[in-house]
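Peer 1: One structure coming up, written as structure tokens, with questions to follow.
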């Protein structure tokens, strides 16, 4: 059995936390690290997965407003790396980019759900305290900058997904107008592909 550690990586949205920490509220992003990969979730306006992958603990891939805060070992799992890939892919059906909601379905909700599946443990409550606070102040989500909802790594994934769909449409249009049989090009691997 694998007995692989399940790690919660927490990122500080450092400039806003200078103001909110005195209120006892932090603004945090999180992802789950397993098998040397980190899976996280963010919002975008499209009906495909908002789950993306980054190098564990690398805040630069998320964007300039993020700073790595800490790694918390939540437990361990006997799921294999292939099992984890299937689980994340299946979760992508629920965690679509256009389903992101600050209070009900954010990156921390995803991290907690994945952690529960992998090792039976939720993430610490303090990581997602903003969701509770924003439920008390309903207009808060509309005041937050877009980059809080869509980290840079996810923006890259979305661009790649949309480019792939555009190329598929162009290929389909070209093959429809060409009477000869064409072989579809092999998909290009990308570092930050969204999970379907």
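The count begins at 1 with the first shown residue.
Yeah, the Cβs are placed from backbone N, Cα and C, and that goes for glycine too.
What Swiss-Prot records for 4-148 is domain 'PPPDE'. Per Swiss-Prot, the feature active site maps to 29, 107. Summarising the annotation, Swiss-Prot assigns region 'Disordered' to 159-196. Among the features that Swiss-Prot reports, compositional bias 'Low complexity' is placed at 172-185.
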Peer 1: What is the three-state DSSP composition of the domain 'PPPDE' (4-148), stated as helix, strand and coil residue counts?
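Peer 2: DSSP classes over the domain 'PPPDE' (4-148) add up to 59 helix, 40 strand, 46 coil.
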Peer 1: What's the CA to CA span in angstrom from residue 29 (active site) over to residue 107 (active site)?
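Peer 2: Cα-Cα, rounded: 6 Å.
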Peer 1: Across all chains shown, how many C-beta atoms besides its own are within 10 angstroms of the C-beta of residue 29 (active site)?
Peer 2: 26
Peer 1: With every protein chain in view, what's the tally of Cβ atoms within 10 Å of the Cβ of residue 107 (active site), excluding that atom itself?
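Peer 2: Neighbour count, Cβ to Cβ under the 10 Å cut-off: 28.
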